[in-house]
Every structure is written in C-alpha cells, then in structure tokens.
C-alpha cells in the first residue's frame with residue numbers, strides 16, 4: 001500500500017510544478033546563505049587562530065561551505081526539472097533522471113542536518129583548542145623580540161581589551177608565568193635577583209597582570225601589581241574589588257562568543273534543512289504523479305502521487321534484498337555440486353529422458 005497517496009488532476013500537477021520551480025530558486029538562495037554562514041564562521045575563527053591550537057575546529061565551516069555550494073547546484077538543476085515537468089512531453093526526458101536526483105537530494109539534505117548538529121557538538125573541540133592556544137599565547141607574551149612570537153603580546157592585549165577578559169582561566173594565570181621581557185628587568189636590582197632565584201626555573205614571577213586586564217569602569221586607578229596583597233594598597237580588598245580587573249578568563253569569553261555564533265548558525269541550518277526537505281517531498285509527489293499519468297496514457301486525467309509506493313517495512317526489505325543480491329552476484333561457489341543461487345537452472349529428470357547415443361566407429 002502506498003504511503004501518503006494523493007490524487008492529482010492536471011491543474012494540480014501544473015500548479016505543483018510551478019510552485020516547486022519557484023521554491024527551488026528560493027533553495028538556491030538558501031544555499032548561498034549556508035555558504036555565507038560557513039564563510040563567516042571560518043573568517044571569525046581565522047581572526048583568532050593565533051590563540052587557538054590546530055585541530056578540527058574548521059570542520060564545521062568547511063562543511064557548511066561545501067553544502068552551500070552543492071545546494072546551489074542541486075536546486076538549480078531541480079528548478080529546471082520542475083519547470084519541464086509542467087509539460088508531460090518534456091517530462092519524458094527527465095523520467096529516468098528524477099529518481100536518482102531525488103535520492104541524491106535526500107542524501108544532500110541529510111548533510112545539511114549533520115552540519116546543523118555539528119554546530120552544537122563542536123563546543124568541546126573548540127574549548128580544548130582555546131585552552132591550549134591561549135596557554136601558549138600567554139606563555140610567549142614576553143617574547144617580543146623573537147620572530148614568529150613578537151605579535152603575540154599585541155594579540156593577547158587586544159583580545160583581553162576587546163572581550164573584557166584576563167588570562168586563560170582567570171587573572172591568576174599571569175602569576176604562574178613570566179610575562180615581563182628580560183630586556184626590561186634591572187639585573188642590578190636585588191629585588192629582581194631575589195625573584196629570579198626564588199623559583200627553580202629562574203623566572204621573574206609577580207602577582208601582577210598586564211595593563212590590558214584593567215577594567216576602565218573601575219572608580220579607582222587600576223591596580224596591576226601585588227593584586228593579592230591587601231596591605232600594599234590603601235582601602236583595598238582583592239576579594240571584593242571586582243571592578244579593578246576583568247575576572248572572566250579569555251577562554252570562557254571566547255567560548256561564549258563562538259557558541260553564540262554557532263547556535264545561531266545551527267538554527268538557520270535547521271530551518272534550511274526543513275525547507276529543503278519540504279521541497280524534496282513536493283518533487284517526489286510530482287515525480288510519481290507524472291510517472292503514473294504516463295502509465296495511464298491519459299495526459300489530461302487524474303493520477304496518484306505518493307512518497308513510497310509500498311509501506312516503509314516493505315520498502316526497507318526490498319532495498320535490503322537488493323543489497324544482499326548485489327553482494328551475492330560477485331560470489332563464486334567452490335563447492336562441487338553446489339548451484340549458484342543467483343542463476344536459475346532448469347532441473348532435468350535424467351531417469352525419464354531417453355538419450356540416444358551414437359557409437360564411435362572402430363578404427364580399421
């Protein structure tokens with residue numbers, strides 16, 4: 001029994017073909033939107049690739065860009081097919097093409113759904129990439145004289161100012177690394193030498209942060225050094241001075257920023273997937289209706305259209321059997337007396353059949 005069978009008159013078939021022609025052109029625009037969203041996300045990631053570790057974070061924008069390009073091509077072809085389907089004579093040239101086209105389009109719409117879901121599952125990979133990238137960027141903050149690293153100080157400072165954040169997980173990350181370049185340290189100072197000798201690695205560690213961690217909304221001048229020493233500053237308590245420096249870590253700030261972008265892109269991709277799926281359903285109805293009207297031979301009469309010619313279970317069994325037979329077709333039996341199940345061999349009754357044999361003349 002056909003699934004969701006609908007009767008179509010010639011007028012309904014013509015209107016369906018015209019509507020689908022328009023919707024396929026709208027789908028071309030949706031493909032351009034997908035391509036633009038993927039390109040936008042790729043550019044946003046590339047802007048801050050200095051603070052990201054290399055990984056699979058570009059898989060989502062690359063997926064969206066690829067799907068967008070394919071959408072434009074498939075829907076452009078679909079618009080041409082639907083336009084010709086308004087005429088039964090023109091439909092004949094697409095008769096054998098439409099079913100493979102529908103199958104390919106179904107796989108394509110599934111890729112859109114996968115791309116939309118990837119926008120929601122990318123958070124863990126992005127968080128790990130930001131953690132490792134920011135850790136290295138902060139570590140090399142002081143290396144302003146080393147080629148390949150001299151830009152990291154500016155990058156980190158602009159990042160902390162722009163996203164109102166400090167450090168990787170928080171401002172205390174700056175306490176664990178030497179972020180002041182050795183060229184600005186007075187090696188004749190006893191205080192500097194004592195700090196260098198105070199740890200095993202010989203680093204100049206201070207309980208201070210760069211200027212870019214300062215919050216300009218603070219009512220008092222920014223306190224960058226001796227942040228945890230309340231006695232070093234008048235009327236100061238670092239546990240309550242939330243406006244002095246940014247408290248949020250840059251990893252969390254960037255993660256929130258990219259998560260918001262990907263959530264919006266994911267919603268847009270899901271809406272486009274639903275739209276593409278509805279167009280695909282319409283094309284399937286048009287294909288079956290036009291196919292049946294040709295079988296009936298009355299181009300002006302009514303015809304049935306459906307999503308599946310048989311039930312879901314019967315269709316699944318039919319496709320599974322096709323796959324099984326394709327696998328058996330390449331098998332050759334090596335057992336003596338075993339017939340190939342894919343070859344119909346007529347059985348003969350040797351007991352009831354008289355076979356006349358000719359004797360071989362003896363040599364003279």
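Count begins at 1; order follows the chain as displayed.
Glycine is treated like the rest: Cβ placed from N, Cα and C.
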Which range of 221-242, 243-264, 265-286 is transmembrane segment, per TrEMBL: 265-286
Stretch carrying transmembrane segment according to TrEMBL (options 41-59, 60-78): 60-78
Contact set, same chain, for the transmembrane segment (20-40): CB under 8 Å, 6 or more residues outside the stretch: 60-72, 75-76, 78-79, 82-83, 85-86, 112, 115, 265, 268-269, 272, 275-276, 278-279, 282-283, 286
Intrachain neighbours beyond the transmembrane segment (265-286), with Cβ under 8 angstroms and 6 or more residues off its ends: 6, 8, 13, 16-17, 19-20, 23-24, 26-27, 30, 33-34, 37, 41, 64, 71, 75, 78, 81-82, 85, 98, 101-102, 105-106, 108-109, 112-113, 115-117, 119-120, 305-307
